[in-house]
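Working notes, beginning with the structure itself.
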Amino acid sequence: MKHTIKTITCIGAGYVGGPTMAVIAQKCPEIKVNVVDINPQRIAEWNDTDLDKLPIYEPGLKEVVKEARGRNLFFSTEVEACIREAEMIFISVNTPTKTYGVGKGMAADLKYVELSARQIARIAPEGKIVVEKSTLPVRTAQSIKTILEAEGNGNKFQVLSNPEFLAEGTAITDLHNPDRILIGGDQDEDGLAAIQALVDIYAHWVPREQIITTRLWSSELSKLTANAFLAQRISSINAISALCERTGADVDEIAHAIGADTRIGPKFLRSSVGFGGSCFQKDILNLVYLCRHFNLPEVADYWEGVVKMNDYQKHRFAKQIIDSLFNTVSGKKIAFLGWAFKKDTNDTRESAAIYVAKELLDDLAEIHIYDPKVKKEQIFRDLEYVYSQDPTQSFDPSVLQSLITIHEEPYQALENAHAIAILTEWDEFKTYDWQKIHTRMLKPAFVFDGRNILDASEMKKTGFEYRGIGKG
Ligand SMILES: NC(=O)C1=CN([C@@H]2O[C@H](COP(=O)(O)OP(=O)(O)OC[C@H]3O[C@@H](n4cnc5c(N)ncnc54)[C@H](O)[C@@H]3O)[C@@H](O)[C@H]2O)C=CC1
Ligand SMILES: O=C(O)[C@H]1O[C@H](OP(=O)(O)OP(=O)(O)OC[C@H]2O[C@@H](n3ccc(=O)[nH]c3=O)[C@H](O)[C@@H]2O)[C@H](O)[C@@H](O)[C@@H]1O
């Protein structure tokens, strides 16, 4: 049965739902695209006439929203009405690591996905194509199908898996020029027709040979595997960075040398203070949990090593700061450049900065933070959350208020600092007047470059005690 898709609804107006649907609306002007969310503030921000107030910062996003919003792109809290109206429904809700009960700290929390599936089943007047856009454990489509069939008033639903591979900070270019689109579905006649309906949407702008279609389980597991491989590369180069620091080798030279091998390739070999972001850790832990569930402990341990290495890298960075500052940072001003988990985003989820800050705060450092895009309230929320997760510590928020200062402007944050730590690779940090900064710091003036973005020899010439990652 051929489907003609006239209306799409996406449940979840977050970092994925918002930009992905904006681009579908931009490229398919004849399709009406509704993006719905239970968070009214988020929807109000998506609808703000001032495009600088969109809830997420992504280069190029404003332009896409400006073109499509009000034409065929609509943001709304009317979840039920929009479910009724659409022939195809994307589920793009959050799937964080579980913080309670069975699988706590490891498994993906699927409660928002389940709620969405139940809501669709309950109110959809007829069968729909339901598309998993969220990252999900392999075989989740089966659970969604079971719910849809059990609660769906006899309607027939098709479930597709269409994982998203965009990276934050480059979301719009990734969506406009994806390496591939992946669509998994049942291989019977109805399943293939549903796959074709989604292929037809992407084919508006993605060459057909870049649209890969697979069975459901392969598509779901490809997403977890892709993130695990990407994160593994970072942990691998970071492991080597530790050895470089002991031996006098330079990790950037090594990355260049090995990346020239076409079998390895040059991308994703930037050694850093550790990977952050909402997904790498969550998705690997989810993979580890699945492996244990299927009684594959060796496979689970293998992938868990990627996360352990990342924790080690963040800890190593914080420890190096404390060790270099004569074994204590108590009462010392440490300036943080950057709080976001990478440049060109205001997202701070699992940012390495949070964990480095916590270790320094535990040693009573006074931390001054400047990030060009992250809001003050978000930084406090991140720190309060990380303390709330540490059962060994009683948490007094007033201490946090007295030890943390957030700056709207970088030079004040750096003035009279004992040390500067670069946590995010924002381009603007490279353009600062480092000579001026040096004169205004306490001496010895330490710079811990967690992103290797500054020129080590220039910094040393200026008089800094400069420490890069993996620089022997
Ligand atoms: N952030 C990223 O770069 C990427 C994320 N993903 C995956 O996409 C999924 C979504 O991630 P994000 O967009 O980052 O999450 P997010 O937290 O930014 O957005 C999720 C949204 O869903 C809404 N929501 C939750 N339950 C709802 C319900 N029942 N009805 C309506 N709205 C509901 C929340 O209010 C929130 O606004 C996750 O599974 C994630 O792993 C995949 C690729 C990239
Ligand atoms: O599933 C997801 O959420 C997404 O996760 C990552 O995207 P994202 O986390 O947005 O950003 P990345 O560019 O992958 O960076 C992740 C972290 O790794 C760090 N990183 C990246 C690359 C590198 O060489 N070194 C390094 O330390 C970044 O600074 C950042 O903290 C993947 O790149 C996307 O393909 C995927 O869709």
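We number each residue from 1, going along the chain as drawn.
The backbone N, Cα and C atoms fix where each Cβ goes, glycine too.
Annotated features in TrEMBL:
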{"type": "ACT_SITE", "residues": "CYS279", "note": "active site, nucleophile"}
{"type": "BINDING", "residues": "12-17, ASP37, ARG42, 93-97, 134-135, GLU168, 279-282, ARG349", "note": "NAD(+) binding site"}
{"type": "DOMAIN", "residues": "335-456", "note": "domain 'UDP-glucose/GDP-mannose dehydrogenase C-terminal'"}
Quiz item: For GLY12 (NAD(+) binding site), which residues in the same chain are close in space, meaning a Cβ under 8 Å from its Cβ, but six or more apart along the sequence?
Solution: VAL35, VAL36, ASP37, PHE90, ILE91, SER92, VAL93, ASN94, TYR112, SER116, LYS133, SER134
Practice problem: Write out how many residues of the domain 'UDP-glucose/GDP-mannose dehydrogenase C-terminal' (335-456) are helix, how many strand and how many coil, based on DSSP. | Solution: 48 helix, 20 strand, 54 coil
Self-check item: Annotated recorded positions TYR15, ASP37, CYS279, filtered by Cβ under 6 Å to ligand 2
Solution: CYS279
Quiz prompt | THR97 (NAD(+) binding site): secondary structure state under DSSP, collapsed to three categories | solution = strand
Exercise. Return one of helix, strand or coil for CYS279 (active site, nucleophile), based on DSSP.
Key: coil
Practice problem: List the residues of the same chain that sit at least 6 positions away from CYS279 (active site, nucleophile) in sequence and have their Cβ under 8 Å from its Cβ, in sequence order, or write 'none'. | Solution: THR135, ASN227
Exercise. List the residues of the same chain that sit at least 6 positions away from THR97 (NAD(+) binding site) in sequence and have their Cβ under 8 Å from its Cβ, in sequence order, or write 'none'.
Key: GLY105, MET106, ALA107, ALA108, ASP109, GLN281, LYS282, LEU285, ASN286
Quiz item: Which binding-site residues out of THR97, GLU168, GLN281 lie by ligand 1, going by a Cβ under 6 Å?
Solution: GLU168
Quiz item: So, in DSSP terms, is TYR15 (NAD(+) binding site) helix, strand, or coil?
Solution: coil
Exercise. Tell me the Cβ contacts of TYR15 (NAD(+) binding site) under 8 Å, same chain only and six or more apart in sequence, or just say none.
Key: ILE56, GLU168, ALA171, SER278, ASP347
Self-check item: Local confidence of the domain 'UDP-glucose/GDP-mannose dehydrogenase C-terminal' (335-456) - pLDDT mean
Solution: 95
Quiz item: Can you count the other CB atoms that lie within 10 A of the CB of ASP37 (NAD(+) binding site)?
Solution: 23
